Amino acid sequence: MKMFKSLRLLPHIVSPFQKCYSTDLISLVGVPRVKITKGQNRYLLVNIHTHGFTKYGRVIVRGADVDNHLAVFDSILEELEPEGICAKILGGGRILNEAENKKIKIYGTSRTFGGADHTRTRNILQAWTTYKDFKITVKQ
């Protein structure tokens, strides 16, 4: 009898793992966490998730040398929509990427999307292999 009670719990145990390893969620792993260009960038901190699975999201950083943050958002949508990935903007700012000096400065806010959590952005950049040796400063 105990075995039957244990078997009833099996769907509750397996379901979270099934969601984590479904093909829709695996596509999130294929999205690079950081894409910024050299020089001064406008950047956005973005929470991405597969439609219907908002609980299993991932935070990414995207930046480009463009006139406004809306242009960065448009490029994000062009990248993610074909994959069926939704994006929620957490905020924006500016990044000065001095690759030759191995320095990055994160500062400012976006007029369109509000300010991003620059400390969180710094942590994401430091976790990325390209920028782990960089000196990253945050100015609010």
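Yeah, the Cβs are placed from backbone N, Cα and C, and that goes for glycine too.
According to Swiss-Prot, the protein carries these features:
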type: BINDING; residues: ARG42, SER110, ARG111, THR112; note: substrate binding site
type: ACT_SITE; residues: HIS69; note: active site, proton acceptor
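Structural mapping of features recorded in Swiss-Prot.
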residue: ARG42; record: substrate binding site; DSSP (3 states): strand
residue: HIS69; record: active site, proton acceptor; DSSP (3 states): helix
residue: SER110; record: substrate binding site; DSSP (3 states): strand
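Ranking the binding-site residues SER110, THR112 by how many other Cβ atoms lie within 10 angstroms of each Cβ puts THR112 at the bottom. Compute the center of the Cβ atoms of ARG42, SER110, ARG111, THR112, which mark the site for substrate; besides them, the chain residues with Cβ within 8 Å of that center are ASN68, HIS69, LEU70, GLY92, THR109, PHE113. Across ARG42, SER110, ARG111, THR112, which the record gives as binding substrate, the greatest C-alpha separation is 12 Å.
Cβ packing within 10 Å was compared across the recorded positions HIS69, ARG111, and the lowest neighbour count falls to ARG111.
The CA atom of SER110 (substrate binding site) is located 7 Å away from the CA atom of the residue listed as 'active site, proton acceptor'. Calculated from their C-alpha atoms, the gap between the residue listed as 'active site, proton acceptor' and ARG111 (substrate binding site) amounts to 8 Å.
Close to ARG42 (substrate binding site) in the fold, though at least 6 residues off in sequence, lie GLY63, ALA64, ASP65, VAL66, ASN68, HIS69, ALA71, VAL72, GLY92, GLY93, ARG94, SER110, each with a CB less than 8 Å from its CB.
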